[in-house]
Amino acid sequence: MVVIRRATSPAEVMAAAHLFDGPVRPEWAQRFLNEPTHHLLIAALDGVPVGMVTGMELTHPDKGTELFLYELAVDPAHRRRGVGRELVEALGRLAHERGCHGMWVAVDPDNLPARAAYAAAGIAEEGPATMMTRELRDPAARESGGEADTGDTDPEGNRPTAGADGGPAPDRRPTG
């Protein structure tokens, strides 16, 4: 039986690192977990993480508080067993308990497994949307092709320049 619980320590997040798009850094995990409006749920089978979902509460003056489902991942060996649906439903319950009036997610149109998991959890498609992004770099870095100025650094003040495999740092846009 899959057990879903909220992550409360970087060690729990690191144990689920294989579920994330890119390398997980303990200091970033701690920063995420320190925010009371950020939520990370991990699904485990026999103590082994097999899925995770992250969400962040957003409050706007004319919309109130909603939950943005940032990322959902299920280990390939455990897909099509309802784990994704269970994670989304658990996040929805948490959002409701915290006073959110709704939950939304951006998903790539060709990501059929994610769309199926969201639909099974009661999330309705509202139609096409276009995601636009802008990297935040200082002007000198932008001109030289330097890295984004995210403000995130390692303990020595260095910014990440490579992914876990030594290649370029991973794209951090939401993938749903």
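Glycine residues also receive a Cβ, built from the backbone N, Cα and C atoms like all the rest.
Owing to the predicted nature of the structure, the values given are computational and were not obtained by experimental measurement.
Per TrEMBL, these features apply:
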- 134-145: compositional bias 'Basic and acidic residues' (COMPBIAS)
- 2-141: domain 'N-acetyltransferase' (DOMAIN)
- 129-176: region 'Disordered' (REGION)
Secondary structure tally of the domain 'N-acetyltransferase' (2-141) (DSSP, helix then strand then coil): 48 helix, 39 strand, 53 coil
Whole-number mean of pLDDT values that fall within the domain 'N-acetyltransferase' (2-141): 94
